[in-house]
Amino acid sequence: RLKSLDTFRGISLVIMIFVNYRGGGYWFFRHSAWNGLTLADLVFPWFVFIMGTSMALSFRGALRRGIPRFKLILKVLKRAMILFALGVMISNSKGKAVDLRTLRVPGVLQRLALTYLVLGIMEAALAKSHDPHQWWSSVRDVVGNLGQWAAVLMFVAVHCCLTFLLPVPGCPKGYLGPGGLQHGGAYENCTGGATAYIDRMIFGTEHMYGHPTCMIPYQTTVPLDPEGVLGTLTSIFLCFLGLQAGKVILIFQGWKSRVSRWMCWSLVTGLVAGCLCKFSAEDGFIPINKNLWSLSYVMALASMAFLLLSVCFLAVDIFRVWSGAPFIYPGMNSIVIYLLHEILHWYFPVQFKVGETHAEQLAMNLWGACLWVGVAFMLHQHKVFISI
Ligand SMILES: *[C@@H]1O[C@H](CO)[C@@H](O)[C@H](O)[C@H]1NC(C)=O
């Protein structure tokens with residue numbers, strides 16, 4: 001078991017908890033209002049990425065142990081269903097009786113569940129149990145998975161087509177803005193363009209997230225779910241790039257060849273992201289946008305994830321200059337810690353009333369994140385590891 005994967009997952013999770021608890025109220029610890037990246041916008045996609053990396057290793061292990069593929073598919077179905085159900089529970093339980101007429105369907109764990117479902121079934125059906133040496137050996141992390149690449153690129157194509165070509169009543173085609181006050185209110189009900197429109201058609205406005213990050217700065221009134229259906233397609237692509245990082249581990253021996261490949265991937269995905277957004281926050285073809293999970297957003301995040309994975313891998317598994325502590329503990333119990341931090345969000349002593357200054361808020365939010373690292377450490381000491 002590679003400790004660097006748990007460490008990476010733990011880093012993402014701890015930052016996620018910290019920013020969920022509002023990160024002291026500083027703007028750079030909060031989500032972007034619309035286009036752009038803050039620390040808060042980074043962590044969920046990293047989590048998606050590392051899920052893919054772990055999948056590559058676990059599916060290979062299962063195939064090597066001789067588990068039949070249909071059993072793997074059944075297991076994927078079961079895990080995805082549990083994850084989705086937990087997600088619906090978490091994203092609707094806010095300490096009040098839930099009104100079924102306004103039940104929110106999408107959410108963070110739901111997004112993870114759907115992403116896992118699609119790629120899990122694909123891997124269970126197509127993953128190889130060994131990698132034959134061929135003439136194309138040096139690029140066999142890609143050539144060996146051409147079928148999967150074709151399928152995933154098709155998802156990306158569908159994503160682009162729907163985003164740019166789907167007619168949305170009353171809105172310009174391919175609109176990617178926040179609506180509301182933008183452009184003097186000309187497209188006030190177009191918040192999120194086709195992305196939000198598709199969710200409104202599928203779930204209905206009352207079953208979507210109603211307080212998007214653009215609501216206050218742009219005075220928008222249309223609901224927009226940051227974990228909606230269309231973004232699941234780019235999420236699958238991101239997870240697949242993570243899976244690709246895992247294939248690199250399976251296929252290549254020695255840290256130099258692995259890290260150099262990850263660096264190539266980081267460079268390529270970073271350049272694609274840069275070209276898509278023209279290295280600009282607002283003026284690109286596809287701006288980097290967390291609410292829409294735009295293509296440039298997942299490419300930029302993949303680029304960072306390849307880099308961060310390389311650093312963790314070298315520090316924790318190869319040179320062993322870092323044990324991965326304390327992040328490795330929540331990384332090894334990520335689902336439990338994620339659920340607990342959400343369920344006990346408003347419980348004492350996770351949060352309590354402090355002064356309005358950033359310093360006081362920051363101290364309390366850091367304390368909240370540390371608390372869950374401590375809980376994860378205790379679970380680790382008792383050798384309690386819960387997965388679904
Ligand atoms: C947006 O929706 C509101 C409420 O339904 C409506 O009053 C307003 O006229 C709409 N704006 C445009 C530009 O269509």
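Here the Cβ of each residue, glycine as well, is placed from N, Cα and C on the backbone.
A TrEMBL annotation is a machine prediction, not a hand-curated record.
Feature list (source: TrEMBL):
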DOMAIN    1-120  domain 'Heparan-alpha-glucosaminide N-acetyltransferase catalytic'
TRANSMEM  7-23  transmembrane segment
TRANSMEM  43-63  transmembrane segment
TRANSMEM  72-90  transmembrane segment
TRANSMEM  110-127  transmembrane segment
TRANSMEM  148-168  transmembrane segment
TRANSMEM  229-250  transmembrane segment
TRANSMEM  262-281  transmembrane segment
TRANSMEM  293-316  transmembrane segment
TRANSMEM  328-350  transmembrane segment
TRANSMEM  362-379  transmembrane segment
Seg_contact(the transmembrane segment (362-379), the transmembrane segment (7-23)) with at least 3 CB pairs under 8 angstroms, min sep 6: yes
For the domain 'Heparan-alpha-glucosaminide N-acetyltransferase catalytic' (1-120), the mean pLDDT of the predicted model: 95
Positions on the same chain near the transmembrane segment (7-23), where near means CB under 8 A and six or more residues out: 29-31, 39-40, 42-44, 46-47, 50, 53-54, 305, 308-309, 312, 316, 322, 324, 326-332, 334, 337-338, 341-342, 345, 350-351, 361-362, 364-366, 368-369, 372-373, 376
Recorded stretch, among 43-63, 72-90, 110-127, 148-168, 262-281, maximising Cβ pairs under 8 Å relative to the transmembrane segment (328-350): 72-90
Folded-back contacts onto the transmembrane segment (229-250), same chain, C-beta under 8 angstroms, at least six residues removed: 2, 45, 48-57, 60, 106, 111, 114-116, 118-119, 123, 131, 141-142, 144-145, 148, 152, 155-156, 158-159, 162-163, 194-195, 198-199, 202, 258, 261-262, 265, 269, 292-295, 297-298, 301-302, 305-306, 309
Cβ contacts under 8 Å made by the transmembrane segment (43-63) with residues that lie 6+ beyond its boundaries: 2, 5, 8-9, 11-13, 15-16, 19, 69, 72, 108, 111-112, 115-116, 119-120, 123-124, 127-129, 235, 238-247, 249-250, 293, 297-298, 301-302, 304-305, 308-309, 334
Per-state residue totals over the domain 'Heparan-alpha-glucosaminide N-acetyltransferase catalytic' (1-120) - DSSP helix, strand, coil: 89 helix, 1 strand, 30 coil
